[in-house]
Amino acid sequence: MERYTNYAKQIRNLSKKYHPKRSREDESRYTWCLAFAATLHQLSELAVAEGGVSRKPQHTHCVELTRYTQELKSERKRHFHDGRRAQQHIESSWKQLESSKRRFERDCKEAERAQHTSDRMDLDNKTEGEKARQTAQQKQQAAEESRKDYVTSLNQFNQDQHQHYRTLVPVIYQRIQDMEERRIERVAEAMRSSAEAERKVLPVVSRCLDAMMDAAESIQPRMDTRQVVEVYKSGFDPPGDVEFEDYSATMRRSISESSYLDDRTEGRRHSRKLWPFIRKNKGSSPADCSHLPPEQRRKKLQNRISNINQEIQREREQRDALLKMREVYERSPQMGDADSLEPRLEEVKQSLQRLEEELRRHQVWLSDTDSRLSDLSGRRQSGGCVLDSCVCLCVSPDGSYTEDHSAELTFKSRSSEFDDDFDDEEPLPSIGTCKSLYPFQGQNEGTLSMVEGELLSVVEEDKGDGWTRVRRNLEEEGYVPTSYIKVFLDGSAKGAMTYI
């Protein structure tokens, strides 16, 4: 039972550990990610099935088997005690026989010596001879009594030996044999029960394994890679050939429209190369996403516009609800004060204005990006380019790219984001714990949602901006309002923070 419980627990932990993170939910479009998630789901089903083996009936059976084993140990102890007692009895009877035998032998030898002395005294001295005869008679009587004791002890030992080997020992061994047969039968019953429980799990295991095989067969590498290309394509054309610059002639060199150089970067012309896999700069990014290639910029702006529209819709719904509540309070003053809603209405109004302004800015940026993409498309058609550029390759070591000979924009290579997937960053150590006083819905990126009364680990104190960095587990970490939690810092961590 313990084996099933531990196995089920290990499977559950494995499935939970490798469950896709929320921060990487966009990867769910790939077939290998879907197959992996399906495999984890089947592992969870397998854990449930294995856990079912160790439920109450099996637990009760194991408890009864343990109790029965203890009873057998006590019974075995009694049987071996009876055997030792019988062995001690036969050994005592044998010692009694040996003692009577030695005494009889000694008395016979003494009687024989006394008789020999008496016969010799008759010839020399009648007085001494009479005394010797009396001694010889006494020794004869003692020898006769010893003989009787020896015969009695011999008969008793033979009787005890017959009873020991024909009755007592066979009965004890038979009882031990019966006990062992009952034990073996009970073990066999337990083995049958365990096998039956395992047999009930086998169909579930087989079904889970079939589902895992189906998930593996559903993986389509070509489709996944094409989706990656679609996500990360830049929209740029491959660069043209670099023209020959003749320094032997006193003529002004010209630069092709597709050259990587311009007048401002002449001093760095020899270092310009194609660097498609440079690591991205981890500095701050501009709000208009101008650091990205046009295609990536358009997708990023479209995603932001969609999120802003959702926030605007939520704010409008909240504003409409507050207006309706104010109308109810105005018609029925006893239900509440209408003026108490004004601060909240003003706050919602300002939030709407901010979101609408932000939406207009993003729409302007998106329009500019669309026009740039249209220009690039027009140049590709007029120039007769036969290559359909998908991934941005014209990236120099300093992270810049060139759109034409007169305009050079700086951006961070999106291809380097693949490198970040393999950067194992050590998590910040915990410096204490905190308890949430109120529920909080973390809707913005970098925040963490929590419920009232939840215990979290503190990894970074409030720096004066009203936010504290906390961690729920190794996968979930973010900022929460400091006023929403009660912090308990460790003594050593608090001293270290003070020292710094």
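Placed from the backbone N, Cα and C atoms, the Cβ positions cover glycine too.
Per TrEMBL, coiled coil is recorded for 298-365.
Among the features that TrEMBL reports, compositional bias 'Basic and acidic residues' is placed at 105-133. Secondary structure of the compositional bias 'Basic and acidic residues' (105-133), assigned with DSSP and counted as helix (H, G, I), strand (E, B) and coil, comes to 28 helix, 0 strand, 1 coil.
The domain 'F-BAR' annotation in TrEMBL covers 1-224. Over the domain 'F-BAR' (1-224) the predicted model carries a mean pLDDT of 83.
Annotation comment: TrEMBL describes 291-368 as domain 'REM-1'.
DSSP assignment over the domain 'SH3' (429-490) gives 3 helix, 29 strand, 30 coil. Marked as domain 'SH3' by TrEMBL: 429-490.
What TrEMBL lists as region 'Disordered' is 105-149.
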